């Protein structure tokens, strides 16, 4: 921001730009003015740098070391991709041949896939620098509680009712009032 203010000020205060826009002097005088301004510009950045330096932030080329920087996330990324690809096989298999094992596998896969997706959003959008130190921790704990409760509820439904795939099939089979009249 300070650089843009500096550049705007340089454009406004530049005598050559004023002369160029007004065209009140002949072209030969204009070129002399431009040359004089360019000679002064070589010395000017040193003086400006001393004034602007306290306002400018330090820029680092390397990434900052975070608390989790000691571990590699490659394994987690690989597992996330395997679970995502596995969903392509587990969901149809659970509907083709419904069983408690496939229902449980589908419940675990869907809940963990959703948990990782929402966790990525919490980490990205609930940064401590934006919302403070407490809210990211509360959001992450709430996400864990919701994920565990969802998985527990799905297991309860699988064990004590018709199962997940059959329950979804029954839900799809519900006909509305308009369908009965036709």
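Placed from the backbone N, Cα and C atoms, the Cβ positions cover glycine too.
According to Swiss-Prot, the feature topological domain 'Mitochondrial matrix' maps to 1-71, 123-135, an assignment based on sequence analysis. Annotation source Swiss-Prot lists transmembrane segment at 72-96, 102-122, 136-157, citing sequence analysis. Residues or ranges marked as topological domain 'Mitochondrial intermembrane' by Swiss-Prot: 97-101, 158-182. The feature heme binding site is assigned by Swiss-Prot to 113. The ubiquinone binding site annotation in Swiss-Prot covers 125.
Within its own chain, the topological domain 'Mitochondrial matrix' (123-135) has no Cβ neighbours under 8 Å among residues six or more beyond its boundaries. For the binding-site residues given as 113, 125, the lowest number of other CB atoms within 10 Å of the residue's CB is seen at 125. The topological domain 'Mitochondrial intermembrane' (158-182): residue composition by secondary structure is 18 helix, 0 strand, 7 coil, according to DSSP.
Residues 94-95, 98-100, 102-104, 106-107 of the same chain lie 6+ residues outside the topological domain 'Mitochondrial intermembrane' (158-182) yet bring a C-beta within less than 8 angstroms of a C-beta in it.
The secondary structure of residue 125 (ubiquinone binding site), as reduced to three states from DSSP, is helical. Remote same-chain partners of the topological domain 'Mitochondrial intermembrane' (97-101), defined as residues 6 or more beyond its termini with a Cβ less than 8 Å from a stretch Cβ, comprise 158-159, 163, 165-166, 169. If you measure from the Cα atom of the residue listed as 'heme binding site' to that of the residue listed as 'ubiquinone binding site', you get 19 Å.
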